[in-house]
């Protein structure tokens with residue numbers, strides 16, 4: 001297949017497009033981008049007929065900042081007849097054999113989501129016909145490719161596949177997280193999603209566990225502290241503002257009424273550092289770099305607020321500078337990841353893991 005379909009947040013098509021253009025070029029997969037503002041998706045059309053097949057194999061989804069999900073796709077199936085939408089889609093998927101799951105999706109826009117009821121109903125007959133054609137297995141199999149059919153409008157869809165080991169497990173790439181009734185703020189969901197995004201489920205028991213010490217810079221009123229407390233951690237919450245009373249009553253939180261940029265931990269036994277401050281992204285990055293150079297944490301999750309223009313360029317400049325500074329200061333082993341999470345708005349979330357091969361303390 002020659003098209004790569006990428007889901008993203010509405011309004012971030014330009015950033016997603018710039019990123020896939022650069023990353024595909026690094027893999028020598030030439031092509032061009034087709035996108036419109038606020039469509040919540042980008043199509044990268046490769047020059048080679050198998051270009052998208054190469055990208056879904058060689059380009060890790062987790063390494064992309066602005067794409068929530070991606071799949072190798074057919075040409076746009078336009079004007080699907082109401083009398084038989086199934087046959088053209090089955091024909092477009094003839095290259096796909098023995099897939100393990102079917103997802104009939106839409107982009108994440110209000111207009112496209114009006115098709116969601118139709119998509120649910122349409123999944124049943126489409127699934128039956130794909131099983132008959134051999135494109136879909138009779139039983140779901142999480143280790144086989146996933147078939148995606150994305151309706152971008154009535155009677156208009158892209159059809160294709162993703163690989164199960166390089167794909168979001170979530171429908172449309174969107175995690176379904178519930179806002180806890182006692183969480184101090186909606187920002188709490190950002191850290192909840194970040195843990196799921198950056199720490200594999202099988203490693204969470206070791207890396208996100210009860211009894212750990214954590215620091216939350218810019219903690220007020222406690223949305224991110226809440227997620228740390230919920231996981232049994234002891235938290236130094238740093239903010240001049242007031243903290244949520246229920247959080248303080250847990251006995252797991254010590255509130256330091258001071259500026260997060262000036263705070264220095266009294267004890268150097270911090271595993272997690274988290275930070276969601278409304279501040280210039282370069283200044284936040286410099287703060288995290290200083291903590292890393294001092295060895296004051298093992299893993300950090302922090303948000304970078306995005307400028308109105310040149311957002312992809314700005315993020316990449318900050319991440320590249322951070323890598324250079326860490327290396328210049330003797331920190332050669334680290335893992336740096338960045339994602340525009342579903343619960344992020346005009347910001348991205350970054351994860352920095354220092355010396356992943358070495359155990360903590």
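Every residue, even glycine, has its Cβ placed from backbone N, Cα and C.
Taken from Swiss-Prot, the feature S-adenosyl-L-methionine binding site applies to 187, 220, 221, 222, 223, 239, 259, 276, supported by sequence analysis. Residues annotated as active site, proton acceptor in Swiss-Prot: 305.
Around residue 239 (S-adenosyl-L-methionine binding site), the same-chain residues at least 6 positions away in sequence with a Cβ under 8 Å from its Cβ are 217, 218, 219, 220, 255, 256, 257, 260.
The binding-site residues listed here are 222, 223; among them, 222 has the most other Cβ atoms within 10 Å of its own Cβ. Around residue 305 (active site, proton acceptor), a 10 Å sphere centred on its CB holds 16 further CB atoms from the protein chains shown.
For residue 259 (S-adenosyl-L-methionine binding site), applying a Cβ distance below 8 Å and a minimum sequence separation of six or more within one chain yields 238, 240. In this structure, the CA atom of residue 222 (S-adenosyl-L-methionine binding site) is 19 Å away from the CA atom of residue 305 (active site, proton acceptor). Counting every protein chain shown, the Cβ of residue 220 (S-adenosyl-L-methionine binding site) has 20 other Cβ atoms within 10 Å. Residue 223 (S-adenosyl-L-methionine binding site) falls within a helix when secondary structure is assigned with DSSP. Here the binding-site residues are 187, 276, and the one with the most other Cβ atoms within 10 Å of its Cβ is 276. On the backbone, the CA of the residue listed as 'active site, proton acceptor' and the CA of residue 187 (S-adenosyl-L-methionine binding site) stand 13 Å apart.
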